[in-house]
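Over in TrEMBL, the protein carries these features:
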type	residues	note
DOMAIN	25-442	domain 'Ammonium transporter AmtB-like'
TRANSMEM	24-46	transmembrane segment
TRANSMEM	58-80	transmembrane segment
TRANSMEM	128-147	transmembrane segment
TRANSMEM	159-180	transmembrane segment
TRANSMEM	192-210	transmembrane segment
TRANSMEM	222-242	transmembrane segment
TRANSMEM	248-272	transmembrane segment
TRANSMEM	284-303	transmembrane segment
TRANSMEM	309-330	transmembrane segment
TRANSMEM	342-364	transmembrane segment
TRANSMEM	395-419	transmembrane segment
Amino acid sequence: MAVPQAYASHLPGVPDWLNKGDNAWQMTASTLVGIQSMPGLVILYASIVKKKWAVNSAFMALYAFAAVLIVWVLVGYRLAFGDRLVPMWGEGAPALSQTYLIGRAKLPATAHHDRPAVEPFYPMATLVYFHFQFAAITMILLAGSVLGRMNIKAWMAFVPLWLICSYTVGAFSLWGGGFLYQWGAIDYSGGYVIHLSSGISGFTAAYWVGPRLKSDRERFSPNNVLLMMAGAGLLWMGWSGFNGGAPYAANITAPVAVLNTNICAATSLLIWTSLDVVFFGKPSVIGAVQGMVTGLACITPGAGVVPSWAAIVMGILSGSIPWVSMMILHKKSSLFQKVDDTLGVFHTHAVAGLLGGLLTGLLAEPHLCNLVLPIPNTRGAFYGGSGGVQFLKQVVAALFVIGWNIFSTTVICLGIRLFMPLRMPDEMLIIGDDAVHGEEAYALWGDGEKYDPTRHGWNNPSSHGEEMMARSPYINGARGVTINL
């Protein structure tokens, strides 16, 4: 029987090293991670904030997704995964040439003693795109700490600077072959690189940006709980690509990681909800979403290297320890009261990511570790041997990520502040989306209504910027009603 042309190995588009199954899975995993951001976090952010900040919050995520991609292919990818420049950074260069992108994927700095560098069975373009999605979601998670008051122009400058100066350092150090990777610290899919870094940097940025208006801090209820749940659902389902794609192949580790991811998230959600019922008398939908997120963040650093019973243990702890951090310590700590972390990213990502990394140092199973990690005989402390040393490595790696993100984020914020304010003026904070973008989330023009400066100008906080909306081809002539939530 003749071989179908699509499977013929002699075709120029099917080199000998290409594994179509791995390539297909990696592209699918990339898309799943992308769905977490677009539309997952866009919908979640737009829905979980006050109505007057829905557009701005969604736009911050949208802008970050696009800006990260361009910076990533221009310089970011090879800073994070290129040839070694220094122990914590790669040699930055564009990832745009045809020759580079169609060649076999390779992480050159990951060679370790007798183990060769990581070389997945698909083209470099697949790997560049996969890791772009990780970089983008990290940036969007960070945004959750500064929603509702950061100057949008300052955010537009912050995104590329933070990606280059902060994210790429963590990614190279732990994934790209940097000193923590070579030392054997475990971060299977981003508990430190993504969650700890976004939580710490978000909290640091929130300190420098300053707080929301007092009225917003006291009452910041979601404008659409059902849409918030839809965004959270996309985040949860997309996590299968997040952790399932981390082995760089459709191998036996991938389904273990996906199963563990869902087990931990479900357990954490149930524990958080149970604590809400015990202490507050009723289950909270927002609380359930937060419990889901902490479970996902906690399992991420160890999803492919811990057994599934350990995923339940991690879910119990991720549903309880961040709950205590957010519901009890947050209210008693003067630091948490001073720093306005809008969505509690410190608790849901930094605390949960750190918890997951440390638990991985205790629970990493030797056989699973040998399937994916470069250091032979890696194991958690509960498995004896060198496990105690592994736990120490997890602690040191966490301290490095925390220290570098505080330092780099502080320098970036202070640098931007030399040219523009980090925080919007109070006059804009009172109005919200209409003052910042000239658009509102739930306002459509009625037939025949025209711009009236006495009603729609700065003196009318509810309608500033409607002249811009009237000229928009997407709004002008649309039939609709104004929805007041």
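Glycine is treated like the rest: Cβ placed from N, Cα and C.
Those TrEMBL annotations? Automatic predictions, nothing curated.
The transmembrane segment (284-303) makes no contact with the transmembrane segment (395-419): fewer than 3 of their CB pairs lie within 8 A, with pairs spaced 6 or more apart in sequence.
A contact between the transmembrane segment (192-210) and the transmembrane segment (395-419) is present, since 3 or more of their C-beta pairs, 6 or more residues apart, lie under 8 Å. Count of Cβ pairs under 8 Å against the transmembrane segment (128-147): among 58-80, 159-180, 222-242, 309-330, 395-419, the largest is for 58-80. Here the transmembrane segment (24-46) does not lie next to the transmembrane segment (159-180) in space: the count of CB pairs under 8 Å, restricted to residues six or more apart, is fewer than 3. Remark: the transmembrane segment (159-180) contacts the transmembrane segment (395-419), by the rule of 3 or more CB pairs under 8 A.
Here the transmembrane segment (395-419) has long-range neighbours at 88, 154, 157-158, 161-162, 165-166, 169-170, 173-174, 180, 185, 187, 192-193, 196-197, 200-201, 204-205, 208-209, 354, 357-358, 361, meaning same-chain residues at least 6 beyond its ends whose C-beta is under 8 angstroms from one of its own.
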